[in-house]
Amino acid sequence: PRAQPAPAQPRVAPPPGGAPGAARAGGAARRGDSSTAASRVPGPEDATQAGSGPGPAEPSSEDPPPSRSPGPERASLCPAGGGPGEALSPSGGLRPNGQTKPLPALKLALEYIVPCMNKHGICVVDDFLGRETGQQIGDEVRALHDTGKFTDGQLVSQKSDSSKDIRGDKITWIEGKEPGCETIGLLMSSMDDLIRHCSGKLGNYRINGRTKAMVACYPGNGTGYVRHVDNPNGDGRCVTCIYYLNKDWDAKVSGGILRIFPEGKAQFADIEPKFDRLLFFWSDRRNPHEVQPAYATRYAITVWYFDADERARAKVKYLTGEKGVRVELKPNSVSKDV
(Lines of atoms letter the chains of each structure in order from A; the text may use other names.)
(Lines give C-alpha, C1' and ligand atoms only; values in the text may rest on other atoms or scores of the structure.)
Protein backbone atom coordinates (compact mmCIF):
# COMPACT_ATOMS: atom_id res chain seq x y z
CA PRO A 1 0.00 0.00 0.00
CA ARG A 2 1.07 3.54 -0.71
CA ALA A 3 0.66 6.63 1.37
CA GLN A 4 -1.49 9.32 -0.15
CA PRO A 5 0.40 12.03 -2.01
CA ALA A 6 0.97 15.29 -0.20
CA PRO A 7 -1.78 17.82 -0.96
CA ALA A 8 -1.46 21.08 -2.74
CA GLN A 9 -0.68 24.11 -0.63
CA PRO A 10 -1.11 27.84 -1.05
CA ARG A 11 2.04 29.76 -1.81
CA VAL A 12 2.82 33.41 -1.54
CA ALA A 13 3.25 34.91 -4.96
CA PRO A 14 6.68 36.35 -5.73
CA PRO A 15 6.89 40.13 -5.67
CA PRO A 16 6.55 41.91 -8.99
CA GLY A 17 9.63 41.05 -10.96
CA GLY A 18 9.57 37.39 -9.98
CA ALA A 19 12.13 37.09 -7.22
CA PRO A 20 13.12 33.43 -7.11
CA GLY A 21 12.50 31.35 -4.04
CA ALA A 22 9.74 33.50 -2.56
CA ALA A 23 8.61 32.21 0.82
CA ARG A 24 5.35 30.32 1.11
CA ALA A 25 2.67 31.69 3.37
CA GLY A 26 1.21 28.76 5.25
CA GLY A 27 1.27 25.41 3.58
CA ALA A 28 -1.07 22.45 3.77
CA ALA A 29 -0.97 19.56 6.20
CA ARG A 30 -3.10 16.47 5.81
CA ARG A 31 -5.28 15.79 8.85
CA GLY A 32 -7.88 13.18 7.89
CA ASP A 33 -7.56 9.85 6.10
CA SER A 34 -9.24 9.99 3.06
CA SER A 35 -9.54 29.37 1.66
CA THR A 36 -14.08 33.04 3.56
CA ALA A 37 -14.23 34.82 4.39
CA ALA A 38 -13.99 36.77 7.53
CA SER A 39 -17.22 38.58 7.91
CA ARG A 40 -19.33 40.70 10.17
CA VAL A 41 -17.42 41.50 13.33
CA PRO A 42 -19.13 39.44 16.03
CA GLY A 43 -20.91 41.16 18.86
CA PRO A 44 -21.64 39.86 22.35
CA GLU A 45 -24.49 37.66 21.18
CA ASP A 46 -22.05 35.72 19.03
CA ALA A 47 -19.42 34.90 21.65
CA THR A 48 -18.59 31.74 23.57
CA GLN A 49 -16.39 32.72 26.51
CA ALA A 50 -16.57 32.89 30.30
CA GLY A 51 -18.30 36.05 31.44
CA SER A 52 -19.91 38.70 29.28
CA GLY A 53 -18.35 40.80 26.61
CA PRO A 54 -18.77 43.78 24.36
CA GLY A 55 -19.09 43.97 20.68
CA PRO A 56 -16.10 45.16 18.70
CA ALA A 57 -14.87 48.69 18.70
CA GLU A 58 -16.47 50.85 16.02
CA PRO A 59 -14.00 51.59 13.21
CA SER A 60 -12.53 55.06 13.63
CA SER A 61 -12.63 57.85 11.09
CA GLU A 62 -9.00 57.11 10.30
CA ASP A 63 -9.86 53.63 9.11
CA PRO A 64 -10.06 53.57 5.32
CA PRO A 65 -13.16 51.93 3.86
CA PRO A 66 -12.67 48.47 2.39
CA SER A 67 -10.94 48.70 -0.94
CA ARG A 68 -10.28 46.32 -3.74
CA SER A 69 -6.91 44.69 -4.11
CA PRO A 70 -4.15 46.56 -5.92
CA GLY A 71 -3.55 43.54 -8.12
CA PRO A 72 -0.06 42.16 -7.51
CA GLU A 73 0.99 38.94 -9.18
CA ARG A 74 -1.44 36.08 -8.70
CA ALA A 75 -0.40 33.35 -6.30
CA SER A 76 -0.98 29.71 -7.08
CA LEU A 77 -1.19 26.37 -5.34
CA CYS A 78 1.91 24.26 -5.62
CA PRO A 79 3.04 20.81 -4.50
CA ALA A 80 3.69 20.53 -0.81
CA GLY A 81 7.17 21.26 0.45
CA GLY A 82 8.98 20.40 3.65
CA GLY A 83 10.25 22.19 6.70
CA PRO A 84 8.55 24.05 9.54
CA GLY A 85 5.72 26.19 8.29
CA GLU A 86 5.47 24.21 5.07
CA ALA A 87 3.33 21.18 4.31
CA LEU A 88 3.44 18.38 6.83
CA SER A 89 2.63 14.85 5.70
CA PRO A 90 0.70 12.68 8.15
CA SER A 91 2.68 10.33 10.32
CA GLY A 92 1.93 7.25 12.36
CA GLY A 93 2.04 4.60 9.66
CA LEU A 94 -0.60 3.21 7.32
CA ARG A 95 -3.93 1.58 7.87
CA PRO A 96 -4.45 -1.87 6.36
CA ASN A 97 -6.30 -0.39 3.39
CA GLY A 98 -3.42 1.96 2.65
CA GLN A 99 -5.14 5.04 4.06
CA THR A 100 -3.00 7.31 6.18
CA LYS A 101 -3.87 7.71 9.84
CA PRO A 102 -5.08 11.14 10.89
CA LEU A 103 -2.37 13.23 12.44
CA PRO A 104 -2.98 13.45 16.22
CA ALA A 105 -4.27 16.86 17.27
CA LEU A 106 -1.37 17.50 19.65
CA LYS A 107 1.23 16.67 17.01
CA LEU A 108 -0.58 18.69 14.36
CA ALA A 109 -0.79 21.68 16.69
CA LEU A 110 2.77 21.71 18.01
CA GLU A 111 4.71 20.49 14.99
CA TYR A 112 2.77 22.24 12.24
CA ILE A 113 0.26 24.92 13.24
CA VAL A 114 2.40 26.69 15.86
CA PRO A 115 5.57 27.03 13.74
CA CYS A 116 3.54 27.79 10.62
CA MET A 117 1.56 30.58 12.28
CA ASN A 118 4.54 32.09 14.04
CA LYS A 119 6.56 32.10 10.82
CA HIS A 120 3.94 33.10 8.26
CA GLY A 121 0.80 34.17 10.12
CA ILE A 122 -1.19 31.86 7.83
CA CYS A 123 -1.64 28.09 8.07
CA VAL A 124 -3.65 25.60 5.98
CA VAL A 125 -4.62 22.07 7.03
CA ASP A 126 -6.15 19.82 4.37
CA ASP A 127 -8.36 16.75 4.94
CA PHE A 128 -9.04 17.96 8.46
CA LEU A 129 -11.96 15.73 9.46
CA GLY A 130 -12.19 13.29 6.57
CA ARG A 131 -14.71 12.91 3.77
CA GLU A 132 -17.56 11.35 5.73
CA THR A 133 -17.58 13.92 8.54
CA GLY A 134 -17.06 16.78 6.11
CA GLN A 135 -20.05 15.56 4.10
CA GLN A 136 -22.21 15.45 7.23
CA ILE A 137 -21.24 19.04 8.08
CA GLY A 138 -22.09 20.09 4.54
CA ASP A 139 -25.48 18.40 4.78
CA GLU A 140 -26.25 20.29 8.00
CA VAL A 141 -25.18 23.61 6.49
CA ARG A 142 -27.27 23.08 3.37
CA ALA A 143 -30.27 22.19 5.54
CA LEU A 144 -29.85 25.50 7.40
CA HIS A 145 -29.71 27.28 4.06
CA ASP A 146 -32.71 25.46 2.61
CA THR A 147 -34.86 26.25 5.67
CA GLY A 148 -34.22 29.99 5.49
CA LYS A 149 -31.88 30.36 8.47
CA PHE A 150 -29.43 32.62 6.61
CA THR A 151 -29.61 36.42 6.52
CA ASP A 152 -27.57 39.02 4.65
CA GLY A 153 -24.12 39.61 6.12
CA GLN A 154 -23.93 42.95 7.90
CA LEU A 155 -21.21 45.54 8.43
CA VAL A 156 -20.18 47.11 11.71
CA SER A 157 -19.82 50.56 10.17
CA GLN A 158 -22.01 51.47 7.23
CA LYS A 159 -19.75 53.32 4.78
CA SER A 160 -21.59 52.40 1.61
CA ASP A 161 -25.09 52.93 0.30
CA SER A 162 -25.49 49.18 0.37
CA SER A 163 -23.57 46.61 2.39
CA LYS A 164 -23.92 44.37 -0.66
CA ASP A 165 -21.41 46.66 -2.38
CA ILE A 166 -18.86 45.40 0.14
CA ARG A 167 -19.96 41.86 0.98
CA GLY A 168 -22.37 39.53 -0.77
CA ASP A 169 -22.65 36.59 1.60
CA LYS A 170 -25.53 35.32 3.68
CA ILE A 171 -24.79 34.13 7.21
CA THR A 172 -26.16 32.46 10.32
CA TRP A 173 -24.61 32.04 13.78
CA ILE A 174 -24.42 28.55 15.28
CA GLU A 175 -23.53 27.51 18.82
CA GLY A 176 -23.14 23.85 17.88
CA LYS A 177 -25.79 22.48 20.23
CA GLU A 178 -28.82 23.21 18.07
CA PRO A 179 -30.87 20.27 16.74
CA GLY A 180 -29.53 19.31 13.34
CA CYS A 181 -26.15 20.97 13.96
CA GLU A 182 -24.44 18.19 15.88
CA THR A 183 -21.63 17.67 13.37
CA ILE A 184 -21.01 21.40 13.15
CA GLY A 185 -20.59 21.19 16.93
CA LEU A 186 -18.06 18.39 16.42
CA LEU A 187 -16.11 20.62 14.03
CA MET A 188 -16.07 23.42 16.61
CA SER A 189 -14.85 21.03 19.31
CA SER A 190 -12.09 19.82 16.97
CA MET A 191 -11.00 23.41 16.32
CA ASP A 192 -11.03 24.04 20.08
CA ASP A 193 -8.81 21.00 20.66
CA LEU A 194 -6.19 22.32 18.25
CA ILE A 195 -6.22 25.79 19.80
CA ARG A 196 -6.01 24.28 23.29
CA HIS A 197 -2.91 22.34 22.27
CA CYS A 198 -1.42 25.55 20.85
CA SER A 199 -2.10 27.41 24.10
CA GLY A 200 0.66 29.84 25.03
CA LYS A 201 2.58 29.20 21.83
CA LEU A 202 0.72 31.31 19.26
CA GLY A 203 2.57 34.60 19.39
CA ASN A 204 2.10 36.28 22.76
CA TYR A 205 -1.59 35.51 22.94
CA ARG A 206 -3.40 33.94 25.87
CA ILE A 207 -6.47 32.46 24.20
CA ASN A 208 -9.41 31.90 26.53
CA GLY A 209 -12.54 31.91 24.38
CA ARG A 210 -14.11 32.19 20.97
CA THR A 211 -17.16 33.34 19.09
CA LYS A 212 -19.98 31.16 17.92
CA ALA A 213 -19.53 29.73 14.45
CA MET A 214 -20.48 32.00 11.58
CA VAL A 215 -21.78 29.86 8.72
CA ALA A 216 -21.53 31.80 5.47
CA CYS A 217 -22.83 31.21 1.96
CA TYR A 218 -21.91 33.10 -1.19
CA PRO A 219 -24.78 32.20 -3.52
CA GLY A 220 -22.70 32.00 -6.69
CA ASN A 221 -23.96 35.15 -8.38
CA GLY A 222 -20.56 36.78 -8.65
CA THR A 223 -20.54 38.39 -5.22
CA GLY A 224 -17.55 38.45 -2.88
CA TYR A 225 -16.20 40.50 0.01
CA VAL A 226 -13.84 43.41 -0.65
CA ARG A 227 -10.49 43.78 1.05
CA HIS A 228 -10.83 44.25 4.82
CA VAL A 229 -9.35 43.41 8.23
CA ASP A 230 -11.27 41.26 10.71
CA ASN A 231 -10.08 43.06 13.85
CA PRO A 232 -8.70 46.51 13.02
CA ASN A 233 -9.48 48.10 16.40
CA GLY A 234 -8.55 45.68 19.16
CA ASP A 235 -11.86 43.92 19.85
CA GLY A 236 -10.06 40.87 21.25
CA ARG A 237 -10.05 38.51 18.28
CA CYS A 238 -6.57 37.19 17.55
CA VAL A 239 -6.97 34.07 15.38
CA THR A 240 -9.41 33.57 12.50
CA CYS A 241 -10.23 29.92 11.81
CA ILE A 242 -12.18 28.98 8.65
CA TYR A 243 -13.43 25.56 7.51
CA TYR A 244 -14.45 25.06 3.88
CA LEU A 245 -17.16 22.73 2.56
CA ASN A 246 -16.95 22.93 -1.22
CA LYS A 247 -16.42 19.62 -3.02
CA ASP A 248 -14.61 19.56 -6.36
CA TRP A 249 -14.08 23.33 -6.25
CA ASP A 250 -12.37 24.67 -9.36
CA ALA A 251 -11.23 28.23 -8.72
CA LYS A 252 -10.49 28.75 -12.42
CA VAL A 253 -14.19 28.27 -13.13
CA SER A 254 -15.91 29.27 -9.89
CA GLY A 255 -13.56 31.89 -8.43
CA GLY A 256 -14.22 32.39 -4.71
CA ILE A 257 -10.55 32.49 -3.70
CA LEU A 258 -9.66 34.02 -0.34
CA ARG A 259 -6.72 36.33 -1.07
CA ILE A 260 -4.60 37.42 1.90
CA PHE A 261 -2.22 40.39 1.73
CA PRO A 262 0.31 39.95 4.56
CA GLU A 263 1.23 43.34 5.99
CA GLY A 264 4.46 44.86 4.76
CA LYS A 265 4.98 42.33 1.97
CA ALA A 266 4.72 42.74 -1.79
CA GLN A 267 3.26 39.25 -1.86
CA PHE A 268 -0.13 37.67 -1.35
CA ALA A 269 -1.50 34.20 -0.62
CA ASP A 270 -4.42 32.66 -2.49
CA ILE A 271 -6.47 30.10 -0.56
CA GLU A 272 -8.94 28.01 -2.53
CA PRO A 273 -12.09 27.14 -0.52
CA LYS A 274 -11.61 23.39 -0.94
CA PHE A 275 -13.67 20.75 0.82
CA ASP A 276 -12.45 19.74 4.31
CA ARG A 277 -9.77 22.45 4.33
CA LEU A 278 -9.06 24.34 7.57
CA LEU A 279 -7.39 27.76 7.51
CA PHE A 280 -5.85 29.79 10.33
CA PHE A 281 -4.55 33.37 10.16
CA TRP A 282 -3.99 36.32 12.50
CA SER A 283 -7.16 38.42 12.78
CA ASP A 284 -5.54 41.85 13.15
CA ARG A 285 -4.10 44.32 10.65
CA ARG A 286 -1.32 41.92 9.67
CA ASN A 287 -3.68 40.07 7.32
CA PRO A 288 -5.96 42.21 5.15
CA HIS A 289 -7.92 39.85 2.91
CA GLU A 290 -10.74 39.61 0.41
CA VAL A 291 -13.09 37.01 -1.02
CA GLN A 292 -13.00 37.18 -4.78
CA PRO A 293 -16.31 36.88 -6.70
CA ALA A 294 -17.78 33.39 -6.48
CA TYR A 295 -19.68 31.90 -9.41
CA ALA A 296 -20.83 28.74 -7.63
CA THR A 297 -22.39 28.28 -4.20
CA ARG A 298 -19.56 28.66 -1.68
CA TYR A 299 -19.88 27.59 1.97
CA ALA A 300 -17.53 28.30 4.86
CA ILE A 301 -17.65 28.18 8.66
CA THR A 302 -15.65 30.79 10.58
CA VAL A 303 -14.73 30.95 14.26
CA TRP A 304 -12.69 33.72 15.90
CA TYR A 305 -10.58 33.07 19.01
CA PHE A 306 -10.08 35.73 21.69
CA ASP A 307 -6.92 36.90 23.40
CA ALA A 308 -7.84 37.27 27.08
CA ASP A 309 -6.03 40.56 27.70
CA GLU A 310 -7.18 42.37 24.56
CA ARG A 311 -10.73 41.12 25.06
CA ALA A 312 -10.75 42.44 28.63
CA ARG A 313 -9.56 45.85 27.44
CA ALA A 314 -12.24 45.84 24.75
CA LYS A 315 -14.91 45.14 27.37
CA VAL A 316 -13.74 48.10 29.46
CA LYS A 317 -13.75 50.33 26.39
CA TYR A 318 -17.23 49.17 25.49
CA LEU A 319 -18.65 49.61 28.98
CA THR A 320 -17.14 53.05 29.55
CA GLY A 321 -18.21 54.46 26.20
CA GLU A 322 -16.42 57.05 24.11
CA LYS A 323 -15.74 59.57 26.93
CA GLY A 324 -14.53 57.12 29.55
CA VAL A 325 -17.75 57.26 31.59
CA ARG A 326 -19.05 53.89 32.68
CA VAL A 327 -22.33 53.01 31.00
CA GLU A 328 -24.95 51.50 33.31
CA LEU A 329 -26.36 48.31 31.87
CA LYS A 330 -29.63 46.70 32.76
CA PRO A 331 -29.51 43.08 33.96
CA ASN A 332 -29.00 40.65 31.09
CA SER A 333 -28.50 43.53 28.65
CA VAL A 334 -25.11 42.13 27.72
CA SER A 335 -25.30 38.57 26.51
CA LYS A 336 -23.11 36.05 28.21
CA ASP A 337 -20.45 34.48 26.07
CA VAL A 338 -21.52 30.94 26.91
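Every residue gets a Cβ built from N, Cα and C, even glycine.
Per Swiss-Prot, the features are as follows:
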type: BINDING; residues: His228, Asp230, His289; note: Fe cation binding site
type: BINDING; residues: Arg298; note: 2-oxoglutarate binding site
type: COMPBIAS; residues: 1-11; note: compositional bias 'Low complexity'
type: DOMAIN; residues: 209-307; note: domain 'Fe2OG dioxygenase'
type: MOD_RES; residues: Ser52; note: phosphoserine
type: MOD_RES; residues: Cys116; note: S-nitrosocysteine
type: MOD_RES; residues: Cys123; note: S-nitrosocysteine
type: MOD_RES; residues: Cys217; note: S-nitrosocysteine
type: MOD_RES; residues: Cys238; note: S-nitrosocysteine
type: MOD_RES; residues: Cys241; note: S-nitrosocysteine
type: REGION; residues: 1-99; note: region 'Disordered'
type: REGION; residues: 156-166; note: region 'Beta(2)beta(3) 'finger-like' loop'
Margin query: Measuring Cα to Cα, how many Å separate His228 (Fe cation binding site) from Arg298 (2-oxoglutarate binding site)?
Written below: 19
Notebook entry, point to check: To the nearest whole angstrom, what is the C-alpha distance linking Cys116 (S-nitrosocysteine) and His289 (Fe cation binding site)?
Noted result: 18
Next item on the list: Restricting to the same chain and to sequence separations of six or more, state which residues have a Cβ under 8 Å from that of Cys238 (S-nitrosocysteine).
Entry: Leu202, Gly203, Tyr205, Ile207, Asn231, Trp282, Ser283, Asp284, Tyr305, Phe306, Asp307, Glu310
Check: Within the chain of Cys217 (S-nitrosocysteine), which residues six or more apart in sequence place their C-beta under 8 angstroms from its C-beta?
Finding: Val141, His145, Phe150, Asp169, Lys170, Ile171, Thr297, Arg298, Tyr299
Next item on the list: Can you check which residues sit near Cys241 (S-nitrosocysteine), meaning Cβ under 8 Å from its Cβ, same chain, 6 or more apart in sequence, and list them in order?
Entry: Met191, Ile195, Leu278, Leu279, Phe280, Thr302, Val303, Trp304, Tyr305
Next item on the list: Between the Cα atoms of Cys123 (S-nitrosocysteine) and His289 (Fe cation binding site), find the distance and write it as a whole number of Å.
Entry: 14
Notebook entry, point to check: On a count of neighbouring CB atoms within 10 A, which of the binding-site residues His289, Arg298 is highest?
Noted result: Arg298
Note to self: By a 10 A CB contact count over all chains shown, which of the binding-site residues listed here is most packed: His228, Asp230?
What the structure shows: Asp230
Checklist line | Surrounding CB atoms that lie within 10 Å of the CB of Cys116 (S-nitrosocysteine), all protein chains | finding: 26
Item checked: Local confidence of the region 'Beta(2)beta(3) 'finger-like' loop' (156-166) - pLDDT mean -> 52
Item checked: Cys116 (S-nitrosocysteine) in three-state DSSP notation -> helix
